[in-house]
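Take a look at the structure set out below.
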Amino acid sequence: MHEMAVCESLLSAMEEAAKAQNFSRVTRVRLAIGRFAGIEVEALRFGFDVVMRGSLAEGAELVVLEEDGSAWCFDCCETVALSHRLASCPKCGGERLVPNGGTDMKIKDLEVL
């Protein structure tokens with residue numbers, strides 16, 4: 001379950017931000033996660049609760065904003081929106097697609113004290 005490692009990295013990023021911005025508590029974390037990022041949201045929520053225990057983000061609300069995926073279609077030479085990684089091109093039905101959006105996870109913002 002790599003979501004635990006993701007949560008540990010998230011905690012490290014929050015601790016660095018706390019030092020740089022001089023805050024001591026995180027009450028809410030908003031993450032943008034692409035559909036193709038390979039993150040299982042429920043596993044992430046579980047990991048978040050476990051990893052944040054005893055930290056500056058213990059009890060913080062985790063808000064997940066799911067971002068659509070997109071891909072470049074080699075057949076019609078268009079960037080198209082996709083709901084899942086194995087979908088065919090919605091414009092031409094082609095299957096030669098390379099994901100180019102919705103593959104990452106970003107911290108959108110933190111609510112802090």
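Each Cβ is built from the backbone N, Cα and C atoms, and glycine gets one as well.
Annotated Ni(2+) binding site per Swiss-Prot: H2, in sequence order, evidence recorded as sequence analysis. Per Swiss-Prot, the feature Zn(2+) binding site maps to C73, C76, C89, C92; the stated evidence is sequence analysis.
What Swiss-Prot annotates, mapped onto the structure for a quick look.
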residue: H2; record: Ni(2+) binding site; DSSP (3 states): coil
residue: C73; record: Zn(2+) binding site; DSSP (3 states): strand
residue: C89; record: Zn(2+) binding site; DSSP (3 states): coil
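When other Cβ atoms within 10 Å of the Cβ of C89 (Zn(2+) binding site) are tallied across all protein chains shown, the result is 19. Long-range Cβ contacts of H2 (Ni(2+) binding site) within its own chain (separation 6+, distance under 8 Å): G38.
Cβ neighbours within 10 Å of C73 (Zn(2+) binding site), excluding its own Cβ and spanning all shown chains: 21. Annotation for C76 (Zn(2+) binding site): same-chain Cβ neighbours under 8 Å, separated by at least 6 residues, are C89, K91, C92, G94.
In sequence order, F74, D75, C77, E78, V80, P90, K91, G93, G94, L97 are the same-chain residues whose CB sits within 8 A of the CB centroid of C73, C76, C89, C92, the residues recorded for Zn(2+) being left out. Just so you know, the Cβ of C92 (Zn(2+) binding site) picks up 13 other Cβ atoms within 10 Å once every protein chain is counted.
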